[in-house]
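Undergrad: Take this structure first; my questions come after.
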């Protein structure tokens with residue numbers, strides 16, 4: 001789904017408002033019936049969640065507070081997101097690591113048990129099928145989460161390669177965790193609030209680490225990670241315990257952690273300089289072009305062995321022709337597909353995500369430009385509705401990250 005989520009919400013609201021009301025109502029009800037709902041759907045509605053279609057699901061884009069306010073509150077206090085539309089799965093078997101390494105760029109074998117990393121599923125041309133956080137639970141168990149909009153494509157891709165791998169005697173099986181829900185708790189209050197709900201010492205769990213533990217009486221998968229640039233956790237909880245856990249988190253925070261929707265999730269991840277698949281990464285963009293070279297394990301650079309390795313290793317050696325960069329700009333906020341020009345008016349690239357930063361109070365964006373024009377401080381023009389505005393290449397993240405790492 002293209003364009004920023006905030007933009008998506010605004011356009012849906014406008015479309016419904018301006019359409020013939022009866023026809024719009026009929027279409028909306030029909031599409032509503034087709035949408036999947038997370039177990040927290042009624043909870044969102046009861047808390048004033050404004051529900052919109054997203055990747056086949058009915059999801060809250062915001063609650064009673066504005067997207068601006070909830071973005072700032074996440075960085076000052078905390079946010080609770082329902083991300084149960086995303087797909088969690090486990091790969092098991094003594095060959096699950098070598099199997100996964102055929103499909104992703106990470107050094108999975110080199111991960112210590114209980115640790116994880118961001119990685120990219122690649123195709124034969126080195127393009128990104130999806131990005132995913134993968135965790136090595138044990139040598140024979142990998143847990144990963146893939147994006148909602150990529151679920152069908154990703155699962156078909158994994159299954160096709162798994163069949164071929166197993167036909168040659170490989171020991172790997174999978175389980176899709178449709179019985180679990182996923183909550184993301186983010187912000188400076190995330191750890192102190194969650195600590196009230198578990199006996200485990202969260203101060204010993206660092207960014208990228210994973211544990212299976214009881215939280216609020218339910219056996220959860222806990223990963224210290226998130227999609228905001230803040231400290232926080234993703235909690236995979238049995239679906240029958242999800243609403244109780246959400247209530248307990250909000251209650252223990254004394255109202256400071258707020259339910260937060262897709263709109264603020266988008267502005268938070270943009271401020272943190274993080275990619276949104278379908279906008280900033282697609283099937284024709286390689287991890288090198290996307291600025292994710294760091295995610296390609298050292299051993300993988302030497303050995304290859306993943307789909308599209310030839311293309312990617314060649315780019316590592318020679319440099320890519322385009323690169324993902326950040327921008328700040330004046331005028332109206334740039335949006336997905338805004339053209340980027342050099343100061344002489346020549347096309348040099350395209351914006352993939354953009355908006356007004358609630359925390360920095362200025363326009364920020366990311367996009368792809370020709371190599372050589374990617375250095376911080378490079379001036380550019382960004383076209384918004386046909387008019388050129390001044391922009392400048394800016395280092396990312398725009399807002400400093402606060403991941404919890406050993407000091």
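Every residue gets a Cβ built from N, Cα and C, even glycine.
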Undergrad: If you check TrEMBL, which stretch out of 326-347, 348-369, 370-391 is marked region 'Disordered'?
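TA: The listed stretch tagged region 'Disordered' in TrEMBL is 326-347.
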Undergrad: Run through the Cβ atoms and count how many others sit within 10 Å of the one on residue 234 (substrate binding site).
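TA: The answer is 24 other Cβ atoms.
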Undergrad: When the pLDDT values for the domain 'Aminomethyltransferase C-terminal' (323-399) are averaged, what is the result?
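TA: Residues in the domain 'Aminomethyltransferase C-terminal' (323-399) carry a mean pLDDT of 98 in this prediction.
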Undergrad: Per DSSP, what is the residue tally for the compositional bias 'Basic and acidic residues' (336-345) in helix, strand and coil?
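TA: Residue counts for the compositional bias 'Basic and acidic residues' (336-345) by secondary structure: 0 helix, 3 strand, 7 coil.
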